[in-house]
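Undergrad: In case it's useful when we look at the structure, here is the feature table from Swiss-Prot:
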BINDING   C575, C584  [4Fe-4S] cluster binding site
BINDING   H677  chlorophyll a' binding site
BINDING   M685, Y693  chlorophyll a binding site
BINDING   W694  phylloquinone binding site
TRANSMEM  73-96  transmembrane segment
TRANSMEM  159-182  transmembrane segment
TRANSMEM  198-222  transmembrane segment
TRANSMEM  294-312  transmembrane segment
TRANSMEM  349-372  transmembrane segment
TRANSMEM  388-414  transmembrane segment
TRANSMEM  436-458  transmembrane segment
TRANSMEM  533-551  transmembrane segment
TRANSMEM  591-612  transmembrane segment
TRANSMEM  666-688  transmembrane segment
TRANSMEM  726-746  transmembrane segment
Amino acid sequence: MAISSTERRSKNVQVFVEKDAVETSFAKWAQPGHFSRTLAKGPKTTTWIWNLHADAHDFDSQTSSLEEVSRKIFSAHFGQLAIIFLWISGMHFHGAYFSNYSAWLTDPISIKQSSQVVWPIVGQEILNADVGGNFQGIQTTSGWFQMWRAEGITSEVELYWTAIGGLAMSAIMLFAGWFHYHKAAPKLEWFQNAESMMNHHLAGLLGLGCLSWSGHQIHIALPINKLLDAGVSPQEIPLPHEFLINRDLMAQLYPSFSKGLAPFFGGNWGEYSDFLTFKGGLNPVTGGLWLSDIAHHHLALSVLFIIAGHMYRTNWGIGHNMKEILEAHKGPFTGEGHKGLYEILTTSWHAQLAINLAMMGSLSIIVAHHMYAMPPYPYLATDYATQLSLFTHHMWIGGFCVVGGAAHGAIFMVRDYTPANNYNNLLDRVLRHRDAIISHLNWVCIFLGCHAFGFYIHNDTMRALGRPQDMFSDKAIQLQPIFAQWIQNIHLLAPGTTAPNALATTSYAFGGDVIEVGGKIAMMPIKLGTADFMVHHIHAFTIHVTVLILLKGVLYARSSKLIPDKANLGFRFPCDGPGRGGTCQSSSWDHVFLGLFWMYNSISVVIFHFSWKMQSDVWGTITPDGAISHITGGNFAQSSITINGWLRDFLWSQASQVIQSYGSASSAYGLIFLGAHFIWAFSLMFLFSGRGYWQELIESIVWAHNKLNFAPTIQPRALSITQGRAVGLAHYLLGGIGTTWAFFLARAISIT
């Protein structure tokens, strides 16, 4: 039988969606626990509500179909995007309706940013600080104003339109989440098409994303910011679309615009160097990176990503194949190499998520450090409270993501790992070497902990004995960070040598000039000495202990000498049953639980170090004749080399603002400081307590209720060991972060 060309074409067409996959049922959604036969029966004990929360998003426990799990995750992503767009819309609406953005634009150095006014109900109006420009409101430290300035937003009307756009996008995302689960749900092979996904994400999301941002900066943000920097009033600047459609207007600011696209197609790209620059350093007017450098950077990235997005083999017979790349990746000591990893990454979303969380967490920490060393937005560097907030925010986000990576890595090991499919590949070989890896890492932690704290204890002892000449310090026994200083110097010398076209250093943290804006220091060389060497070894210690706990949780997720059948017990279990003492707190969940405490330790030391170092050695004022006055007078080098110095000259000294905030516009921080301490202390009640104590207490209370014929229909139960730890951990972190937030902001707002 001859096949027609139409039939042949239809056979080649791949159908990647299933129509009307799941009916839309409000009645089903209204039933709590509809996803579980057990939970749908309703509560018999108070444990039901805990299980409801634990399992609502644990799609693995609701179905064994990988396709169904994939669809639920995909749909949930649209819901997440809807919330993000709604949040962004709300931020812009606040900027449009409640803020002093227009006033701030006219004088961003002396006017503080505010986008919320508290109503006077019972005296709360005390929180409305005088932020300058005839405006009273809560001082905000989010960095939105600086970002809006960099985008070229000059009026509240533009913020309104952006807010409406965000609202519309939020609605579209909600619709898309419903549509792609109920009406046109992708099939499993669509989710597993790694090459197509890589091409679209690289060329589409990253490539076109960078290109559109670069285009916006060139055509809208650059001309508007150039006029603002020159002192032109925001009201007198043409509307954004005029720069877009009027080439003559652009040519007045950037002459190369008059030449059109001829230099581009002629390969004479240097003609565009008036708006695509490679200056390096910071704009002396705003203290931020040159926006023309940023536009150039994103244009270059877009080219790289668009090329990268054509790298993988899809419908045509050219390009890379992910499975082939992985299976060809073999070294002399790595057995089968990456064989089997392709199957893992296309069937286990926990494995995929683990890698993504680890990468995104690391990226967030990198962003935190770049935000102060290379401030990207105008007038960000001189807004010290915002700088401290952004650093702290990105460090916490990074810490949580990295721990999340370990959590999902362990879940993958328990639920998705198949030993038979991973014989002698890299993953199998790491698992077989786990005792060597963990014991060596443990030795490193002991070494770092003993030596790092030993330095401090030595210094505290010598200072107490009145022997400063025997201390580790820049003035006595020096421990100079010579490698860090060498790296700083390499970067300082790069312009004109290894970076021949750069006009200034990448960051003035490495050395060079003092950049000041309106008499406030934006950035200056950050000198590193003995104090930094010592605290960096505390960083190394806390980070290595966090990694030790998390890595042990992943490598011993399926089995250990103590519990050989751990994989059968699952990701989360309290102990290995009755009659096996000493097996509690050995599940992968418990490793994540312990790892979060050490993550909290790690990040706390980092943000304390940053806050004090910047106040001591960078932030401050400079007079016209060049005399510099730092906020804490350069006391970091001599005070931070003892534990007593950290307690007295940082924690106690800088807590004065939050402790004495009552009766001022910062009084909310005083209350948060107090309240967050209570939340933190409340956590200890769960962390230092046994379940049996509470069960006995509950039973005596239930007895009293029964005596009065007032017994509840839902039987009260004490929290399980795991639930108690989860509640304790949540309050410990919330209380600790809330306390730090209040301490930092009350201090930072007073010095900004």
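Note: Cβ is positioned from N, Cα and C throughout, glycine not excepted.
I'd like these features described in context: how deep, what's nearby, how far apart.
TA: Annotation for C575 ([4Fe-4S] cluster binding site): spatial neighbours T583, C584, Q585, S586, I721, criterion Cβ-Cβ under 8 Å with sequence separation of six or more.
Residues within less than 8 Å, Cβ to Cβ, of H677 (chlorophyll a' binding site) and separated from it by at least 6 positions along the same chain comprise G735, T739.
Taken residue by residue with DSSP, Y693 (chlorophyll a binding site) is part of a helix.
Counted within 10 Å of its Cβ, the other Cβ atoms near W694 (phylloquinone binding site) come to 17, all protein chains included.
Residues 57, 59, 115-116, 142, 144-145, 148, 156-157, 159-160, 162-167, 169-171, 173-174, 176-178, 180-181, 186, 191, 349 of the same chain, all 6+ positions outside the transmembrane segment (73-96), place their C-beta atoms under 8 angstroms from a C-beta of that stretch.
Residues of the same chain lying 6 or more positions beyond the ends of the transmembrane segment (159-182) and with a Cβ under 8 Å from any Cβ of it are 20-24, 71-72, 74-79, 81-83, 85-86, 88-90, 92-93, 95-97, 101, 148, 153.
Residues of the same chain lying 6 or more positions beyond the ends of the transmembrane segment (198-222) and with a Cβ under 8 Å from any Cβ of it are 150-152, 240, 243-244, 250, 253-254, 275-276, 291-292, 294-295, 298-299, 301-302, 304-306, 308-312, 314, 322.
If you look at the transmembrane segment (388-414), the same-chain residues 6 or more away from its ends with a CB under 8 A from one of its CBs are 141-143, 344, 348, 350-351, 353-365, 367-369, 371-372, 380, 546, 550-551, 553-554, 557-558, 566-567, 570-571, 588-589, 591-592, 595-596, 599-600, 602-603, 606-607, 610-611, 614, 737, 740-741, 744-745, 748.
For the transmembrane segment (591-612), the list of distant contacts is 372, 388, 391-392, 395-396, 398-400, 402-403, 406-407, 410, 535, 538-539, 542-543, 545-546, 549-550, 552-554, 585, 632, 636, 640, 646, 650-651, 654, 725-726, 729, 732-733, 736, 740, 744, 747-748: same-chain residues at least six beyond its ends, Cβ to Cβ under 8 Å.
Nonlocal intrachain contacts for the transmembrane segment (666-688), taken as residues 6+ away from its ends with a CB within less than 8 angstroms of a stretch CB, comprise 126-127, 129, 657-660, 719, 724-725, 727-732, 734-739, 741-743, 745-746, 749-750.
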Undergrad: What residues in the same chain, six or more past the boundaries of the transmembrane segment (533-551), come closer than 8 Å to it by Cβ-Cβ distance?
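TA: Residues 402-403, 406, 437-438, 441-442, 444-445, 448-449, 451-453, 455-456, 472, 479-481, 484, 591-592, 594-595, 598-599, 601-602, 605-606, 609, 640-641 contact the transmembrane segment (533-551) from elsewhere in the chain.
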Undergrad: Within the same chain, where does the transmembrane segment (349-372) have neighbours whose Cβ lies under 8 angstroms from its own Cβ atoms, ignoring anything closer than 6 residues to its ends? I mean 6 or more beyond.
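TA: Non-local partners: 69-70, 73, 380-381, 387, 390-391, 393-395, 397-409, 411-412, 415-416, 509, 523, 610, 614.
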Undergrad: Once near-sequence residues are set aside, which residues in the chain of Y693 (chlorophyll a binding site), 6 or more away, have Cβ atoms under 8 Å from its Cβ?
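TA: Y693 (chlorophyll a binding site) has no long-range Cβ partners.
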Undergrad: Through the lens of DSSP with three states only, how would you label H677 (chlorophyll a' binding site)?
TA: helix
Undergrad: If one measures from the C-alpha of W694 (phylloquinone binding site) to the C-alpha of M685 (chlorophyll a binding site), what distance in angstrom results, rounded to a whole number?
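TA: It is 11 Å, counting Cα to Cα.
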Undergrad: Output, ordered by sequence, the same-chain residues six or more apart from M685 (chlorophyll a binding site) with a CB under 8 Å from its CB, or 'none'.
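TA: Result: G728.
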Undergrad: When a 10 Å sphere is centred on the Cβ of C584 ([4Fe-4S] cluster binding site), how many other Cβ atoms does it contain?
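TA: 13, counting other Cβ atoms within 10 Å of C584 ([4Fe-4S] cluster binding site).
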Undergrad: How would DSSP class C575 ([4Fe-4S] cluster binding site) in three states?
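TA: The three-state answer is coil.
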